[in-house]
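If you look up Swiss-Prot, you'll see Phe8, Ser9, Gly10, Gly11, Gln12, Asp13, Ser14, Thr15, Thr16, Cys17, Leu18 marked as ATP binding site. Summarising the annotation, Swiss-Prot assigns Zn(2+) binding site to Cys186, Cys195, Cys198, Cys201.
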Amino acid sequence: MKRAVVVFSGGQDSTTCLIQALHHYDDVHCITFDYGQRHRAEIDVARRLAGQLGASAHKVLDVGLLNELAISSLTRDNIPVPTQSEDGIPNTFVPGRNVLFLTLAAIYAYQVEAEAVITGVCETDFSGYPDCRDQFVQALNHAVCLGMARDIRFETPLMWLNKAETWALADYYGQLARVRHDTLTCYNGVQGDGCGHCAACHLRAHGLQQYLANPAAVMAALKRKSGLQ
């Protein structure tokens with residue numbers, strides 16, 4: 001049986017990854033992390049979506065220690081969330097978040113004998129986070145396999161897709177409306193199209209506009225990149 005673990009926040013990217021994983025794997029587990037994020041409503045959204053989409057299990061882990069160590073606008077209410085993309089590393093970056101999340105997801109994958117950990121990080125159309133880069137994911141994957149003496153593959157299906165192509169991927173599986181209306185990507189914790197002001201909402205909305213303006217061309221680009229038929 002092919003089994004995978006999806007790092008699942010209930011946002012656009014991880015939900016799209018879960019939808020695709022359910023088509024590629026026989027058994028899909030989700031793992032969600034509660035680190036005291038200001039947009040904690042995403043945890044309830046993740047629980048609901050994991051059940052609706054048919055994940056076989058969903059584990060929510062308390063990693064509040066990350067909140068104590070990592071100072072960010074996503075972990076501190078007194079630090080304002082930026083309304084547009086910043087040069088350099090933005091204040092929404094949570095240091096060590098993906099180091100911790102991917103490592104814990106790999107431990108869970110080890111226990112349930114999953115062959116892959118799937119994460120929705122992306123280098124093409126991203127927010128400037130260093131732990132979303134392909135180089136980082138590959139390096140950590142290598143270290144985890146050495147440390148566990150087991151081959152657990154880190155999969156990043158969105159790594160080289162832009163936001164418009166990520167919308168196309170959801171549409172390819174017939175789930176565009178669900179991803180648009182039922183996920184939570186907004187840094188201010190507003191479901192669906194979000195607050196419309198934060199950097200995450202701007203990126204998401206711009207990608208959707210690009211896709212809806214020319215769906216055939218974007219879908220064709222997605223298929224070329226991903227090998228979908």
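Every residue gets a Cβ built from N, Cα and C, even glycine.
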Return the single residue from the binding-site residues list (Leu18, Cys186, Cys195, Cys198, Cys201) that has the minimum number of other CB atoms within 10 Å.
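Selected from the binding-site residues Leu18, Cys186, Cys195, Cys198, Cys201 on minimum Cβ neighbours within 10 Å: Cys195.
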Whole-number Å distance between the CA of Phe8 (ATP binding site) and the CA of Cys201 (Zn(2+) binding site)?
18
Please identify, among the binding-site residues Gly10, Gln12, Ser14, Thr16, Leu18, the one with the smallest Cα-Cα distance to Cys198 (Zn(2+) binding site).
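Going through Gly10, Gln12, Ser14, Thr16, Leu18 one by one, the Cα closest to that of Cys198 (Zn(2+) binding site) is Gln12.
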Provide the three-state secondary structure of Cys186 (Zn(2+) binding site) computed with DSSP.
coil
Counting distance between Cα atoms, which of the binding-site residues Cys186, Cys195, Cys201 is nearest Ser14 (ATP binding site)?
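That would be Cys186, the closest of Cys186, Cys195, Cys201 to Ser14 (ATP binding site).
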How many whole Å apart are the CA atoms of Gln12 (ATP binding site) and Cys195 (Zn(2+) binding site)?
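On Cα coordinates alone, these residues lie 15 Å apart.
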Counting only residues 6+ away in sequence within the same chain, which have a CB under 8 Å from the CB of Thr16 (ATP binding site)?
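Gly120, Leu158, Thr166, Leu169, Ala170, Gln175, Val179 - these are the non-local Cβ neighbours of Thr16 (ATP binding site), listed in sequence order.
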Distance between Cys201 (Zn(2+) binding site) and Gly10 (ATP binding site) at the Cα atoms, whole Å?
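That comes out at 15 Å between the alpha carbons.
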Would you mind checking how many other C-beta atoms are within 10 angstroms of the C-beta on Gly10 (ATP binding site)?
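A 10 Å sphere around the Cβ of Gly10 (ATP binding site) contains 25 other Cβ atoms.
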Sort Cys201 (Zn(2+) binding site) into helix, strand or coil using the DSSP assignment.
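Assignment for Cys201 (Zn(2+) binding site) reads helix.
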